[in-house]
Amino acid sequence: MPKILVLYYSTYGHIETMAEAIAEGARSAGAEVDVKRVPETVPLDIAEKNHFKLDQKAPVATVAELEDYDAIIVGTGTRFGRMSSQMAAFLDGAGGLWARGALNGKVGAAFASTATQHGGQETTLFSIITNLLHFGMTIVGLPYAYQGQMGVDEVKGGAPYGATTIADGDGSRQPSATDLDGARFQGRHVAEITAKLVG
């Protein structure tokens, strides 16, 4: 059974919710799944003042443990059309793994959230995917086999590059049922592809 890490950074809980849905999907395909978050880099007083969600139950990941997994699914909210600085700092810290080729051949995937429909979902996914490709990972997206990302009948996330959600400028919109279904689909899809690759 493949061993999968869902690695995320979430300021207000939207990506935390998506991470749990991705993990649920991966487990439904028989994978062993851990959900972990990257360290917060914002000082506590500022995080509290800005109402960051500080009660997240997922343990904090370490760079060293990344090589223990067959697949890593990375998620973060967008910052100016790219991944958050917290996630970028964590991945930047994996230079030693890159130098040893420790992640070569592992499966990688991305998911994201933005405040608006045009707030950089796909560029944020690409910023994650670019890092994973530099690590030598094989990328798995959210294929159009997931029909929920089609149509314009409602505000919805999702792209062939990964599951997404839209939080609204004030963070009031939580991931919809469609967004969460997409996350579960991607988690299951990553688990199935990983199982084929690792035997």
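Just so you know, glycine gets a Cβ as well, placed from its N, Cα and C.
Per Swiss-Prot, the features are as follows:
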type    : residues                    : note
DOMAIN  : 4-190                       : domain 'Flavodoxin-like'
BINDING : 10-15, 78-80, 113-119, H134 : FMN binding site
BINDING : Y12                         : NAD(+) binding site
BINDING : W98                         : substrate binding site
**Request:** Sort out for me which one of S10, T78, S113, T116 has the most neighbouring CB atoms within 10 A, since those are the binding-site residues we care about.
**Result:** S113
**Asked** Which whole-number value in Å describes the distance between the Cα atoms of S113 (FMN binding site) and Y12 (NAD(+) binding site)?
**Response** 11
**Request:** Fill in the CA-CA distance, the residue listed as 'NAD(+) binding site' to T78 (FMN binding site), as an integer in Å.
**Result:** 12
**Request:** State the mean pLDDT for the domain 'Flavodoxin-like' (4-190).
**Result:** 96
**Asked** Tell me, by DSSP, whether W98 (substrate binding site) is helix, strand or coil?
**Response** helix
**Item:** Integer Å distance between the CA atoms belonging to the residue listed as 'substrate binding site' and S10 (FMN binding site)
**Value:** 25
**Fill in**
Three-class DSSP assignment, T78 (FMN binding site), comes back as strand
**Request:** Tell me whether S113 (FMN binding site) sits in a helix, a strand or coil according to DSSP.
**Result:** strand
**Request:** Express the distance between the Cα positions of G13 (FMN binding site) and W98 (substrate binding site) as a whole number of Å.
**Result:** 30
**Request:** Count the Cβ atoms, other than its own, that fall within 10 Å of the Cβ of the residue listed as 'NAD(+) binding site', considering every protein chain shown.
**Result:** 18
**Message:** Helix, strand or coil by DSSP: which one applies to G13 (FMN binding site)?
**Reply:** coil
